[in-house]
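Here's the structure, in structure tokens; my notes come after.
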Amino acid sequence: MEVLKRGLVFLMVFMVFKRGEGQLFENFYRGTCPNLEMIVKQVVSTKFSQTFVTIPATLRLFFHDCFVEGCDASVMIASPNGDAEKDAQDNLSLAGDGFDTVIKAKQAVELQCPGIVSCADILALAARDVVVLAGGPSWEVELGRRDGLVSQASKVAGNLPDPEFNLVQLNTIFAKNNLTQFDMIALSGAHTLGFSHCNRFSNRLYSFSSSSVVDPSLDPNYAQQLMQACPQNVDPSIAINMDPETPRTFDNVYYQNLVSGKGLFTSDEVLFSDPASQPTVSDFASNPGNFNGAFITAMRKLGRVGVKTGNEGEIRMDCTKFKDA
């Protein structure tokens, strides 16, 4: 009987541990850091009051983190050798305000809950909070991620969407992260916020093809605006808004822009020009509620990509350093 009872206890413990592997829960820190969300929200709000860049920078940081090695804050690691994830060419344009938001939030959380909450979870919460601050929808964030043990610049290339991608290429790279075309179109709506440097789209203005110097899918007036803002040989630090209409508001105007030929990247405009994705873009352009709902679902799915739990990761004290560094 004793053996049977021990066996049942072992089975129950085994089931509990199995349930936690690779799975996240909305109230993961309820018993260990009950004020977590309030702490992070306050820090994000304070940072936002100092600079609007907090919003697009933090949201983009979350995307870039999750698409390389999963949502594990590996993008936060700073290497003295310049060979960490953040040092990769594709990540050099990540604005410092995003990193600073997570670092400050982690410091505030550590004061109340030392050694409990991962940087990966703080980044996930901050990404939700900046969307809300920009007027977008809110959602419950699943938590329980551990921080990654690997951060290498060499792992970035080929794992992030390129501004010149076509629909097939976009779908392929999102599918690697268990995200559908519908999810991809919804997540692209994050381009309603933020800015881009001119070199990311200048080919559409000055060297599109042998038959057309300017990308013919661009609205002519919009193309002229872009040329004025980004003349040839412009200072590479110059950046322009990705949404020319409502650049500081999280809304569905991004999709209305695509319908009007005002998508900044080729990878934006192709969502409307390709018949396979056009109906979804048209729907989101006309129905903000449909877009918000799809965005929430896609963000929750994105947040599950490549998560580490248990011994697969750690809880860093400093988001920029591995625990044993």
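Think of each number as a place in line: the chain as shown, counted from 1.
Using the three backbone atoms N, Cα and C, a Cβ is placed for every residue, glycine included.
Counting Cβ atoms from all protein chains shown, Pro161 (substrate binding site) has 19 others lying within 10 Å of its own Cβ. Marked as substrate binding site by TrEMBL: Pro161.
The local packing around Asp251 (Ca(2+) 2 binding site), expressed as other Cβ atoms within 10 Å of its Cβ over all shown chains, amounts to 19. Among the features that TrEMBL reports, Ca(2+) 2 binding site is placed at Thr192, Asp243, Thr246, Asp251.
Around Cys113 (disulfide bond), the same-chain residues six or more apart in sequence whose CB sits under 8 Å from its CB are Tyr29, Thr32, Cys33, Asn35, Leu36, listed in sequence order. Residues or ranges marked as disulfide bond in TrEMBL: Cys33-Cys113 (among others).
The Cβ neighbour count for Cys66 (disulfide bond), using a 10 Å radius over every protein chain in view, is 27. Per TrEMBL, the feature disulfide bond maps to Cys66-Cys71 (among others).
The feature disulfide bond is assigned by TrEMBL to Cys119-Cys319 (among others).
If you look up TrEMBL, you'll see Cys198-Cys230 (among others) marked as disulfide bond. Contacts of Cys198 (disulfide bond) defined by a Cβ separation under 8 A and a same-chain sequence distance of 6+ are given as Ala229, Cys230, Val234, Pro236, Ile238, Ala239, Ile240, in order along the sequence.
Taken from TrEMBL, the feature domain 'Plant heme peroxidase family profile' covers 23-323. Mean pLDDT of the predicted structure over the domain 'Plant heme peroxidase family profile' (23-323): 96.
If you look up TrEMBL, you'll see 1-22 marked as signal peptide.
Around Arg60 (site 'Transition state stabilizer'), the same-chain residues six or more apart in sequence whose CB sits under 8 Å from its CB are Leu94, Ala95, Gly98, Ala190, Gly194, listed in sequence order. Look at TrEMBL and you will find Arg60 tagged as site 'Transition state stabilizer'.
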Among the recorded positions listed as Cys71, Cys119, Pro161, Cys319, the Cα nearest the Cα of Thr246 (Ca(2+) 2 binding site) belongs to Pro161
Cβ density check for Cys71 (disulfide bond), other Cβ within 10 Å (all protein chains) comes to 29
Same-chain neighbours of the Ca(2+) 2 site, Cβ within 8 Å of the mean position of the Cβ atoms of Thr192, Asp243, Thr246, Asp251 and not counting those residues, run in sequence order as Leu193, Glu245, Pro247, Arg248, Thr249, Phe250, Asn252, Val253, Tyr254, Asn257
If you tally other C-beta atoms within 10 angstroms for each of the disulfide-bonded residues Cys33, Cys119, Cys230, Cys319, the top scorer is Cys119
